Structure formats: C-alpha cells, structure tokens
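One structure is given here, and the rest of the page talks about it.
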Amino acid sequence: MMHIPNRSIQAANIFFSSGAILLLIVGLIMEDWVELIPKVRKDKTTHSPWLGCCPPFWPEESLEVVRRIMRMTLNISIYLNLIIGLQFSYMISQNKCVHLLVGFLSFFAGCLLFYAIIVYHHKLNKGQYVYFVNYKTKWIAFTVYLTIALFLTCGIFCFIQSTNRCECMKFCIPHTESKSQEMIPSTIEVVSLPPRCAMPRSIVHVHSVTSKDGSLNRPHTQARRVTWAL
C-alpha cells in the first residue's frame, strides 16, 4: 500500500488554504455577484453579500447574517493558513492534535461558507417576489463552491495525515535510501583464510662416537644435525 509523505500533504494544504483565501478576497473585491432587476425601475443593479449596504428597495437587515458569516469565514481561513504554514516550517509541533485541529477548522470554514451561500440564495429567492422582479447570478458567485471544495479537501488531507502519520514515517522511505539499504547485505562477502601450512618434517641425524673397543659410546651430550626436508 502506498502512503503520501507528510511534507507533501502539508504542501498541498498550504496550496488549498491559500487558494481559498485568494478566492474569498476576489469575491470581496468583486461587487457584481448577482444582477437585480427592481419592480419600479428597470435599471439593473448589482449586489454582493460582502457589501455593507443594500439597494434602497432591499432592506439591509435581511443580509446582515450572511455578511457576518462571510467575514467570519475569511478570518478563520487566514488563521488556518497561518497554522499550516507554521506547521510546515516546523515552528509548531506536528502531533495528532494539531492535525485534528487544522482539519476541524477546515471543515468548519467550509460548512460556514456553505451555510452563508445557502442563506444568501434563500434571501434572493424570497426577495424576488417582494422587492425585485428577477435576479441573474454572475460567475463570481460560483467561486464560492470552489472555495468550499478547497476547505473540505484540506480538512480531509489533515485527517488522513493524523491517522496515517506513523505509517507514513515507517514506509515512505526515499528511493535512494531504500536502494542503498537493499545493497548492503549483498556487498558482504565471506573471505576464508588460506589453510594453515603444515610444518615441514625434520630429519635429525644423531652422531655417535665409536670407542676403541668397537662399542658405541653415547655421550651425555650428543651432537645433532638437523636437515629440513622441503
């Protein structure tokens, strides 16, 4: 089974959280989320849930909840990106609790943003029959769903990292290191020592002295001559 290294997961989380912040900032700058057509005048008016004021024909208090949730989501995403960056640079610990915290914040931010966009569409449908005739959704409104997907993906990766942290550290070994470890046993060779040379046989010549009466006289000290047979 193949496991993703921790550094790759953290790099992907930084990319996803940074992309979510970028999309939220783009949605904050762009003001034409929807195009409203009022009943009295036929002039088209653009609107965004980030705006601090609503059109004169649409009461402001009806969208205050949506605006607060969107701001809360932006703040959470900034803190989330900061925590992931500190974790990637080893400035905070990389234990299981930190991974679970980052995953919870990612899911919480995604759920908050999803709730905000659902409430905003509900307010649009409700105001269509009271304050304006029709509305048309622009392309910038669909970036919210991409932001939600980025938050959820970041949370899933954090939970995977918290559950498979030990397995990743155990099995995800670099290719060069594993190859060198496999080659170590094969390089060991048993070198046998040459057989111990046997000592050459020696031929000992004992010189005896013959006495005058013909008997062999073996003195106490005998003279010996050693000849090595090679």
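If you go along the chain as it appears here, the first residue is 1 and each next one adds 1.
Keep in mind that glycine also has a Cβ here, set from the backbone N, Cα and C atoms.
Residues 224-228 are the range that Swiss-Prot records as motif 'RVxF', among 164-168, 204-208, 224-228. Relative to the membrane, Ser8 and Gln94 are listed by Swiss-Prot as lying on one and the same side. Applying DSSP to the topological domain 'Extracellular' (121-139) sorts its residues as follows: 9 helix, 6 strand, 4 coil. Counting only same-chain residues 6+ beyond the ends of the transmembrane segment (100-120), those with a CB under 8 A from a CB of the stretch are 13, 17, 20, 49, 63, 65-66, 69-70, 72-73, 76-77, 79-80, 83-84, 87, 141, 144-145, 147-148, 151-152, 154-156, 158-159, 162.
In the predicted model, residues of the topological domain 'Cytoplasmic' (161-230) average a pLDDT of 51.
Helix first, then strand, then coil: DSSP counts for the topological domain 'Cytoplasmic' (93-99) stand at 4 helix, 0 strand, 3 coil.
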